[in-house]
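Q: Okay, here's the structure, questions in a sec.
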């Protein structure tokens, strides 16, 4: 029997027995690499009253063998009873647990819950992070003054830290070229200038006898957050990408597009060309950042019009339409009175009239023609306007944007700065045309087009750059088609060359056979001559025999 008390959120369990000689117990150690681990053993000596006497224990191995060891009482505890552990324990973040590992139980803390069956556990000595199934874990209890004590949850570094324990990152490994290896932060050093990291493929624990892979300590310049996953239907020709070759991501460039979502990619630094599936390729970090920003802007553009229907400029709920009409009429009357009675408040009147005009008209894409009295959603106070409007770029491509969308997108004190930023961005985008190369990717041109389209919403005249981009895209399309046609011709030429090579091989074979046949013919002629000579000799011999026969037969008796 036992008694359970809850004191300051800690559970105390009072057992009815204590450790004695011959009992099966668990023993720990303060040796480096073994701290926090508990192994089964047999207590060989009776417990002393003081804790300074060394005791003998026999460690129990899985194969039934034992190893004698001496230790102190503070490193001993009874085997935790099964009744201690909750049947369906919830291993939440920070929960102190024990993991079945290497024949013992190792004390750690849950860092991240992957799913209902798997969690990441952090171990402090030595620093390590491993993934376990919940069936390999049990709750940890400290043996304190003959009582089982449930410790409080472990508090990790502040969640405000970018690279905290359990953060998915990529670690740079230099192998002739930078390779980014998928990894996880094990421990953040106190000075936050270096980190203990572990390759993600080594995070799962197994008890198959394999030696664990050592973790690495790297500096801040060698790690980056894992880029977000973006959906890319296809990659363009000559587009810069990253490809996965064990152990990580390497930079490369798409050199040809094959069928079945296959691509030929030339690896940078090595100039080696390999074939990859679509799943083994991703955009570069810069391209991913642009795609994420573009998606964010699209989502914001979709959300803001809906919000503007229900929220006012400062995020307050709009009043019904009838009240708006009454307020508008009162504002108009107040403006007229103030304008005629007090010319000193001209700036205030203009501000109110500007807010009223912009809030009562829909957002337009371009300023109306011949509108010389355009009302901006802010007052031009910054000296940068004079610099911008007198610059060479503005003189070449003057602009008169209305910036109307800023009314629903930002507060008045931010609008002028955002407008100046858009003006600078417009000129920078125009200048970027000079840096475009013939092999620029289609995605980069589309990104440039999307930027100008965003400026168009604010009243910029972007018809000329959009027309130029469309022409460049058309040229790119023709370029890609021409390259594909050229590749088709190259493939046909290669096939024909292979056919010619086979023909030449057959010709050489036939010439060799002709030489052999000629040699056989000459040998046959030589045999014929020899046989004819022999035949003539035999003819002469036959004539001689015939004469001798006649002479013999006609000889007188």
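Glycine residues also receive a Cβ, built from the backbone N, Cα and C atoms like all the rest.
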Q: Name the residue range among 307-360, 361-414, 415-468, 469-522 that TrEMBL annotates as region 'Disordered'.
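A: The range carrying the region 'Disordered' annotation in TrEMBL is 307-360.
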Q: Using DSSP, what's the helix, strand and coil tally for the domain 'Agenet' (161-231)?
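A: Per-class counts: 6 helix, 32 strand, 33 coil.
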Q: I'd like to know the mean pLDDT over the domain 'Agenet' (233-289).
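A: That stretch averages a pLDDT of 89.
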Q: Taking helix as H, G and I and strand as E and B in DSSP, count the residues of the domain 'Agenet' (233-289) in helix, strand and coil.
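A: Within the domain 'Agenet' (233-289) the tally stands at 8 helix, 30 strand, 19 coil.
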